[in-house]
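Peer 1: Annotation comment: TrEMBL describes 1-89 as region 'Domain I, interacts with DnaA modulators'. Residues annotated as region 'Domain III, AAA+ region' in TrEMBL: 107-323. Annotation comment: TrEMBL describes 140-271 as domain 'AAA+ ATPase'. Positions annotated as ATP binding site by TrEMBL: Gly151, Gly153, Lys154, Thr155. The region 'Domain IV, binds dsDNA' feature in TrEMBL is assigned to 324-444. Per TrEMBL, domain 'Chromosomal replication initiator DnaA C-terminal' is recorded for 352-421.
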Amino acid sequence: MNKDSLWEQICEDFANNVSTTTYSTWIETVKPISLEHNQLTLELPSPLHRDYWKDKLADQLVEYAYKITKKDIAPKFVLEDELKNKEDSSKVNNIDLNDDESISNTHLNPNYTFESFVIGKGNQMAHAAALVVSEDPGRMYNPLLLYGGVGLGKTHLMHAIGNKIIKDNPSANIKYITSESFTNDFINAIQRHKTESFRQEYRNVDVLLVDDIQFFADKDGTQEEFFHTFNDLYENRKQIVLTSDRLPNEISKLQDRLVSRFAWGLSVDITPPDLETRIAILKTKAEADNIDVPIDTLNYIAGQIDSNVRELEGALSRVQAFAKFKNVKITTDLVSEALKGLNKGEKKFEVNIDKILQTVSMYFNLSVDDLKGKKRIQKIVIPRQIAMYLSRTMTNNSLPKIGNAFGGKDHTTVIHAYDKISDEIKSNVNLQNKIDELTEELKR
Ligand SMILES: Nc1ncnc2c1ncn2[C@@H]1O[C@H](COP(=O)(O)OP(=O)(O)OP(=O)(O)O)[C@@H](O)[C@H]1O
């Protein structure tokens, strides 16, 4: 398969799963450059795009590419300028995926503002705290920790803080980063003997925004470095804002001293939006994207999608694409047809990785820690692979997320487990029976 046809298919998958705004802003602007040795090099228009891709879309891309090619394709993101400066394509291939030196320091999404954030019951406290921090950084709530489930607006609020501070004070030095990028930067700095400049970069900011701190779990070296970064900034009354999918004391393998520091300021949770807020969010998005949807129809969509805002946005763009494709106006009937593909309406059984870990460990008389651990004895390896296989087939989690839930394993380990079990059940009836029994148990 060549780069163009692979990219075309990946784009199709993205188009079905992200909002039209996301698609036109971040995906349509990408140009495939080469596909060599399972590496797909993509040209992006700006450092902001590269950051966004690395933080938000790269995992999905790896999944889609795997679904299409059944190979583990690694993306490499390069900027147009970098490409121009390279004399030949072989040099292009040497650009490091994690080379952030040319990236500007802020990395804020200009669309994530307080103005575009809809306030509802589940997020009003978080919104209020974020506003206070943006008006007087480093004073009232330091650090501010926003926590809650996926797609509920934590990143949006975090960027809104940064955008407001920059608007009020254009010379403020603000840095937004995910904990994964912090970890990668730190590893790069060690490899290149540049830890001093790494420290300068992180400790000379006025506001540090760190997204998804749950990914610090298990990474002792990074935690140590972040501990010192935190102390330095805190002592100098610089604002720190963190997001997480849960409270720090619930993050396993997060050092106690970090847990206690994160609790020094204010922790506020965001809960899923109620029906009224979902309708208001849909209305705002429809207006912003100039989508003509009758209010009854918006109510209908909001009634169908009650999980998170990202899914709500996805449903609206799906409906929009559907109407465009059929060249008809958006009505409730059309929405009902468009959302059928999402299996909305019929109550589905709910399976998550934790449930799979518990069910599989009980079935094989092991502990959840065995499944998450590293022991390579047969008695544990096969159940672990089965649990990974079920996590891949029964949940919507990305490969890296599954790997992470299994004690921080690499996504290639999950791919390997999935391939192994899929292959083996074709000829091993005993294994097939076990998987059937477990699937039944999980659906119950
Ligand atoms: N209250 C809201 N008003 C308007 N848009 C919202 C709101 N909440 C979330 N969104 C939108 O939903 C999408 C997902 O939000 P965001 O990325 O901030 O979620 P998150 O909580 O950080 O999720 P994750 O934990 O997966 O990173 C974004 O496009 C964001 O703009």
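Just so it is clear, glycine is given a Cβ too, placed from its N, Cα and C backbone atoms.
Please treat TrEMBL annotations as automatic predictions, because they have not gone through curation.
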Peer 1: What residue among the binding-site residues Gly151, Gly153 has the most other CB atoms lying within 10 A of its CB?
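Peer 2: Going through Gly151, Gly153 one by one, the largest Cβ count within 10 Å is at Gly153.
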Peer 1: What are the non-local neighbours of Lys154 (ATP binding site), defined as same-chain residues 6+ apart in sequence with CB under 8 A from its CB?
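Peer 2: For Lys154 (ATP binding site), the qualifying residues are Ala126, Leu146, Tyr147, Gly148, Asp211, Thr243, Ile270.
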Peer 1: Can you name the residues of this chain that are 6 or more positions from Thr155 (ATP binding site) yet have a C-beta less than 8 Å from its C-beta?
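Peer 2: Tyr112, Asp211, Thr243 - these are the non-local Cβ neighbours of Thr155 (ATP binding site), listed in sequence order.
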Peer 1: Averaged over the whole of the region 'Domain IV, binds dsDNA' (324-444), what is the pLDDT?
Peer 2: 86
Peer 1: Could you put numbers on the helix, strand and coil content of the region 'Domain I, interacts with DnaA modulators' (1-89), residue by residue per DSSP?
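Peer 2: Summed by class, the stretch gives 53 helix, 18 strand, 18 coil.
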Peer 1: Counting by DSSP, what is the helix, strand and coil composition of the region 'Domain IV, binds dsDNA' (324-444)?
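Peer 2: Summed by class, the stretch gives 81 helix, 0 strand, 40 coil.
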Peer 1: According to DSSP, folded down to helix, strand and coil, what is Gly153 (ATP binding site)?
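Peer 2: Gly153 (ATP binding site) sits in coil per DSSP, no helix or strand.
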